[in-house]
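Chemist: Submitted below is the structure of interest, expressed as structure tokens.
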């Protein structure tokens with residue numbers, strides 16, 4: 001029923017189905033099954049987290065990792081202590097039914113209910129198609145806050161059994177956060193490397209390749225849970241580490257199997273979790289206390305809104321792309337709670353926590369409110385606020401290549417500026433990965449030969465084999481190309497050639513290969529920054545050559561002004577006759593001979609006078625020195641230009657002395673100035689006529 005599913009999220013419908021099934025079972029006199037915590041944590045949760053970690057959008061995740069960590073760690077701690085402290089105050093003021101609940105029990109309750117649930121976030125956010133930034137911020141927070149939740153949960157659970165909590169216990173509890181989070185990541189990385197190394201040797205058993213991905217991921221989760229580390233962090237780390245190497249080693253069919261099996265497995269787990277939530281609501285023991293339940297719901301919303309506003313104000317001081325008020329509202333509104341809180345509360349021991357039933361009732365109320373009310377209203381609110389949606393179309397190969405090019409450019413800018421940002425460290429990690437890790441974890445020539453060339457060779461050989469099998473050739477050499485085959489046995493093409501249709505999988509593979517290989521920038525031999533720039537040996541000579549050319553052009557411009565005879569401004573014939581008629585003797589044309597240099601030409605020169613030696617003329621004309629009498633008598637000597645040796649610059653020929661006095665310049669002296677226009681008459685009548 002699309003009209004219903006467009007309004008109500010799938011998770012809400014599944015909870016309603018669970019409520020109906022639980023009521024039906026109870027109606028026939030049977031006891032409905034309750035969501036057992038061991039079943040939830042061991043079998044239902046890992047597929048969802050592995051699917052999220054294996055297909056995690058790594059670029060958006062790493063670019064916003066600082067923001068995600070602040071929301072996940074600081075935000076969850078704020079929610080837990082704010083909620084726990086206020087609920088303790090409510091219990092002290094709430095009457096006889098709540099007075100016996102102590103501070104530790106309230107803090108434990110706050111740590112359980114404060115964490116955003118990844119299952120609920122995935123179920124709602126994937127349906128509203130929110131933009132990548134908001135999706136990765138809320139979903140990344142829900143994944144990484146698991147470490148904080150696990151630490152606080154076990155910490156307060158153990159403190160409840162102590163007679164007295166000392167300062168040392170609190171310090172050890174604070175340090176256990178780093179052990180739990182970093183330990184989980186370390187376990188996941190170890191199993192991810194082992195999975196990638198194992199996939200090197202599976203080329204002859206392609207059928208069981210997907211099994212290794214699931215097996216090592218699940219072992220990472222179980223190993224982390226065994227030592228009370230964060231199993232969710234271990235699953236995410238193993239999925240992120242193993243994916244690039246495993247996909248380079250396994251076949252395309254195995255990759256498709258992993259993709260669809262993970263999607264199916266996580267979808268089944270999600271469905272079972274929400275149905276069991278509904279059934280457990282009907283089947284569980286509840287203790288309703290209006291004051292406690294309403295206070296919990298109200299303080300959950302207040303803590304979430306205050307935490308997001310304060311943390312975003314702090315984060316925006318360091319972010320280039322600021323989080324707008326609309327983004328802050330969606331982040332605060334998207335803090336959904338789910339089955340993890342329910343299962344953690346169900347694990348509590350009645351011996352130390354006699355109020356477990358009341359905690360369960362309050363948690364189920366908060367889960368129902370966030371999933372139903374917030375989950376159903378977030379889609380209309382996103383449309384109302386005109387929040388940017390996710391692009392449904394894939395980015396083109398051109399966009400992918402330009403994105404990689406800009407990453408490389410930003411890395412170079414950071415190196416030159418001496419600023420070691422995340423582009424710099426990403427580049428270092430990529431170089432280390434290419435130089436050492438890929439050679440160990442990727443099989444055969446794939447770690448060395450570019451994937452594009454390998455793919456071309458594979459297609460070429462496949463085409464040759466198909467041609468031989470079809471009987472087109474009697475004998476084909478082993479290393480034969482498609483072009484040579486077509487030359488040996490050319491085929492007459494039909495008038496309308498039908499191109500073979502590419503399958504979706506093949507198109508995806510070609511797209512991925514082109515995206516990864518079309519942008520291969522020139523790798524630097526060594527790192528550089530603005531303090532240790534390596535001098536270019538050709539740079540100084542090139543600069544000298546440019547300077548000499550510039551001086552030569554300036555000198556040529558000055559000599560143009562110096563040697564060219566300026567043309568007289570001619571009067572019209574009528575004006576000339578009027579002047580001559582009024583005073584013939586006064587109007588006598590005079591040439592500016594004193595301003596024109598005397599040019600002496602050797603008539604016996606074997607070459608035409610095409611060059612002027614400016615050795616002696618240049619200091620006089622351009623340097624501002626007074627001419628000597630000998631030079632004045634001699635005039636400007638014109639010499640033939642010697643033929644230049646091959647390879648020299650045609651504008652200048654540098655001699656032993658690099659100064660401007662040894663420069664030779666081409667100069668045409670045959671132009672005495674602009675000639676008079678032919679149709680005009682002579683401007684004067686010579687004397688004596």
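The backbone N, Cα and C atoms fix where each Cβ goes, and this holds for glycine too.
Small disclaimer: the values here were computed from a predicted structure and weren't measured.
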Chemist: Select from 168-198, 385-415 the stretch of residues annotated by TrEMBL as transmembrane segment.
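Modeler: From TrEMBL, the annotated transmembrane segment range turns out to be 168-198.
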Chemist: Looking at 504-531, 532-559, 560-587, which stretch does TrEMBL describe as coiled coil?
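Modeler: Spelled out, TrEMBL records coiled coil over residues 504-531, not the other listed ranges.
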Chemist: Give the nonlocal contacts of the transmembrane segment (37-56) in its own chain as ranges (CB under 8 Å, at least six residues past its ends).
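Modeler: Same-chain contacts beyond the flanks: 118-119, 122, 139, 143, 213-214, 217-218, 221-222, 225, 231-232, 235-240, 243, 258-259, 262-263, 265-266, 268-270, 272-273, 276, 339-340, 343-344, 346-347.
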Chemist: With pairs 6 or more apart in sequence, are the transmembrane segment (6-25) and the transmembrane segment (136-156) linked by at least 3 Cβ pairs under 8 Å?
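Modeler: These two stretches do not touch.
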Chemist: Please work out whether the transmembrane segment (290-316) lies in contact with the transmembrane segment (218-241), by counting C-beta pairs under 8 angstroms that are 6 or more apart in sequence and asking whether there are at least 3.
Modeler: no
Chemist: With Cβ-Cβ distances below 8 Å as the criterion, list the same-chain residues six or more beyond the ends of the transmembrane segment (359-382) that contact it, or say none.
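Modeler: 7-9, 11-12, 15, 109, 112-113, 120, 123-124, 127-128, 130, 277, 281, 284-289, 292-293, 296-297, 300, 329-330, 333-339, 341-342, 345-346, 348, 353, 389.
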Chemist: Between the stretches 68-91, 168-198, 262-284, 328-347, which wins on the count of C-beta pairs under 8 angstroms to the transmembrane segment (136-156)?
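Modeler: If we count Cβ pairs closer than 8 Å to the transmembrane segment (136-156), 68-91 scores highest.
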Chemist: Can you tell me which of 68-91, 103-124, 218-241, 328-347 gets the most C-beta pairs within less than 8 Å of the transmembrane segment (262-284)?
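Modeler: Per the Cβ under 8 Å count, 328-347.
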Chemist: Averaged across the domain 'Sodium/hydrogen exchanger regulatory region' (480-564), what pLDDT does the model get? Just tell me the whole number, please.
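Modeler: Mean pLDDT, the domain 'Sodium/hydrogen exchanger regulatory region' (480-564): 63.
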Chemist: What same-chain residues lie close to the transmembrane segment (103-124): Cβ under 8 Å, and 6 or more beyond its ends?
Modeler: 9-11, 45, 48-49, 52, 76, 79-85, 87-88, 91, 138-139, 141-143, 145-146, 148-149, 152-153, 156-157, 159-160, 165, 232, 270, 273-274, 296, 300, 303, 334-341, 344-345, 348, 353, 355, 359, 362-363, 366-367, 370-371, 375, 378
